[in-house]
Amino acid sequence: MDTFEGYIFTALCSVNFLASCLLFSRVTREQREPYMDEIFHVPQAQKYCHGKFNEWDPMITTLPGLYLISVGVIKPVAWLVDLTGEMACSTAMLRFINVLFNCGNFYLIYLLICKLHLREKTRTSSRRLLSALSLSTFPVLYFFNFLYYTDAGSTFFILFTYLMTLYGCHKASAVLGVCSVLFRQSNIIWVAFCAGTLVAAKMDEAWKVEHTKKRDEKSPPSQVPLSFSGVKKITLFMLEFITSPGHVKAVLLVTWPYAVVGIGFLVFVLLNDGIVVGDRTSHEACPNFPQLFYFFCFTLFFSGPVSLCYHRVLRFLQALKKQPLLFLLVTGVCLLLVWKFTFIHKYLLADNRHFPFYVWKNIYQRHKLIPFLLIPVYVFAGWNFLDSFKSRSLFWTLAFVVCLLAAMVPQKLLEFRYFIVPYLMYRLHMPLPSLPRLIAEFLLYIVVNAATIYIFLSKTFLWPDSTATQRFMW
């Protein structure tokens, strides 16, 4: 980071923090009492503030990372400024922890962009800065900076974990990975992804060596033909790689800290008799494959300004024309998955405070054929998603897709919060977009943020059997 870029970055951090503080103040004035999941999180954090670490609300399904961090930050500050009583761990003080995480996320996103796009260093400082600013205001994540939810902290520790992996600090990365799991157990998948990128790098090296021996250096992993012979070639190579003692040793030497975290997590699962703590009845895993299709559509919408263009649509049509049987097969598989593996969570149908309720009601429940008629959209959205990774190696892409499947498919509930980390990972690894496209993306995020926060604050309603004010949210 040169001096001028450093000044601009500092200014953007300050503006981001000031704007977030103003919005935080407005949200807290309008909604002083804990709302939605805060009715579980806030009292639990307050118990920890009072030193009651042995008391646990059985309705909470995540580990206590958020509460431990909150106490670790608030208690010293309260001692320094002589805050006493309920004010020290009030709802507002607890929520403000996520505003601080927002600043951290902005910084981490910027560092990740710089690290991931080293080859694009010339004339890109404005694009790096605007990319970081834009992604730090990603609507679903940004909204929860003003409530006491786990999302901001969970995202912070996953981004930090991945950044340390990229810098080669694998022990620090593993420790941060443990912190991320303490916020949300499913983050173990993204810790595995960090290890998977190291395995992919080793595979890339072995692939290049093998092709150098065969004098076939013009066939990098990312350009393996999408055919039966290409799949066979890659499969045989991977089998040979994982059965080679030399390759296995090289992989273990760099990934052992992540393996220790993975083993520790398995021990936790065995002792806990499952991944979920607390209430398990509403968080049962199932093979909900269409969840992946919903994520592709979500990604297509939010990345539209930077991923969609006339040439990409043209390339899709050309691919469709060139390989019609492949796309026909993919469409057939999608039909089967939608038909046999669509699961609907009771919360999705019952809770009209969440936006997914209206997506499901106004789109998917319009007619029983709608889920099938949307399959062409899923196919295009999935192709657009994968096409964005064409600059990445095949093995890296495989690692990402495997982790994405593990993160998405078992989730029965359609919840946009679950899409935050995979979306940011996707967006961070795209080539740096042009400045006009980044401006369009940033404006889209600003508009969506303004709309959702305005709706949350102004469009309140009441349930027939309750006097409590209800609000719409992600």
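The backbone N, Cα and C atoms fix where each Cβ goes, and this holds for glycine too.
TrEMBL: automatically predicted annotations, no manual curation.
As given in TrEMBL:
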type: TRANSMEM; residues: 6-25; note: transmembrane segment
type: TRANSMEM; residues: 60-81; note: transmembrane segment
type: TRANSMEM; residues: 93-118; note: transmembrane segment
type: TRANSMEM; residues: 130-150; note: transmembrane segment
type: TRANSMEM; residues: 156-183; note: transmembrane segment
type: TRANSMEM; residues: 250-271; note: transmembrane segment
type: TRANSMEM; residues: 291-313; note: transmembrane segment
type: TRANSMEM; residues: 325-349; note: transmembrane segment
type: TRANSMEM; residues: 369-386; note: transmembrane segment
type: TRANSMEM; residues: 393-414; note: transmembrane segment
type: TRANSMEM; residues: 434-457; note: transmembrane segment
Candidate ranges 60-81, 291-313, 393-414, 434-457 - greatest C-beta contact count to the transmembrane segment (130-150) (under 8 angstroms): 434-457
The transmembrane segment (291-313) versus listed stretches 60-81, 250-271, 369-386, 393-414: most Cβ pairs under 8 Å: 369-386
Long-range neighbours of the transmembrane segment (393-414), counting only residues six or more past its ends (CB under 8 A): 186, 189-190, 192-193, 196-197, 199-201, 203-204, 207, 220-222, 224, 234, 282-289, 291-292, 294-295, 343, 345, 347-348, 356, 359-360, 386, 421-422, 425, 429
Sequence-remote partners of the transmembrane segment (369-386) [C-beta within less than 8 Å, at least six residues beyond its ends]: 290, 292-293, 296-297, 299-300, 307-308, 312, 316, 319, 327, 330-331, 334-335, 338-339, 342, 363, 397, 401, 426
Range from 6-25, 93-118, 156-183, 250-271, 434-457 with most C-beta pairs under 8 A to the transmembrane segment (60-81): 156-183
Residues from the same chain, set at least six apart from the ends of the transmembrane segment (156-183), whose C-beta lies under 8 A from its own: 62-66, 68, 101, 104-105, 108-109, 111-112, 115-116, 150, 190-191, 193-194, 197-198, 254-255, 257-258, 260-261, 264-265, 421, 424-425
